[in-house]
Ligand SMILES: [Zn+2]
Ligand SMILES: [Zn+2]
């Protein structure tokens, strides 16, 4: 038995079919170093595993996200539109502070650039908070959990195919929980799978390319404060640009005044941003998500006695719950170290083969029966 190393003992006891665990390092049986059998040590029999600094969970994260600063920053994979947002905000405010503020400060009051500066930093702070944080990603099931759930589904009825939804009662309203085939979990109420990030997100609102992240339970308030403060900021800029143009046109004429104030462009962005803020204010006051609003989940058109079970029945309480309630902790522990004895839900490449790995494991569990304790190599 000296050849059994980082593969678990019980794995050997079950009948193993050729190629069944092809994602698990199979070199273990050929090595005969007794030290490697010690729990907690890096499996030395896998090539490239020697003397490795322990890796963090974000490095093997199965979703399609990007991580920066050693996992502190988490964003969606496509970040192009986010940079466009940044450029638009920086360009507009840069033009305002360069061309309009000096004139306004000397002719009206120096408070204008000060208030503008405060608004600018608030907008940027909220944008970064919404863009760089975990929106509320739900961790995928481990192979053991997935196999267990699969068995429950199989044994829950004779119907074929087995039911992939469950029903729960929330405030008297029946809510369906759908099974996520990628994450191998029954999604909690209000969660949804973002196809772009390939994760289930708690209280999923929508995927926002402008902030380069999903908007969910953990970053919705920052997203909301971002669009609201951006509305105030664009209205502020627009109002003072008009003031500047009017004051100047008295001296130099309207057209040459326009030339000195190029931020009239902001006129077009004002309406879309204010409209979006209005829409999200309506959603917050009725405790709905964009996802539910688009689907019409709580619309009375669906059935007469359909209502939103999450609403507190009061606009003020709904707003307080959305903006001041406690923020739940991140569930994915993306900066946590990977322990060698932890069954990983993830595969080696970030986001490409996570689901196929999970399904392989699921299949092998069904064949082999009984929960295995899998000790995985995490190859490059
Ligand atoms: Zn999912
Ligand atoms: Zn997303």
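For all residues, glycine too, the Cβ spot is worked out from N, Cα and C.
Caution: TrEMBL annotation is automatic and unverified by curators.
Feature annotations, courtesy of TrEMBL:
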type	residues	note
REGION	1-51	region 'Disordered'
COMPBIAS	11-44	compositional bias 'Low complexity'
TRANSMEM	81-99	transmembrane segment
TRANSMEM	111-130	transmembrane segment
DOMAIN	176-295	domain 'Palmitoyltransferase DHHC'
TRANSMEM	222-242	transmembrane segment
TRANSMEM	262-285	transmembrane segment
REGION	341-369	region 'Disordered'
COMPBIAS	342-360	compositional bias 'Low complexity'
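Remote same-chain residues near the transmembrane segment (222-242) are listed as 89, 92-93, 96, 100, 104, 112, 115-116, 119-120, 122-123, 126-127, 129-130, 133, 205, 208, 211, 215, 261, 263-264, 266-267, 269-270, 273-274, 276-277, 280-281, 284, 322-323 (criterion: CB distance under 8 Å, separation of at least six residues from the stretch ends).
Helix, strand and coil counts from DSSP across the domain 'Palmitoyltransferase DHHC' (176-295) read 69 helix, 19 strand, 32 coil. Mean predicted confidence for the domain 'Palmitoyltransferase DHHC' (176-295): the pLDDT average there is 88.
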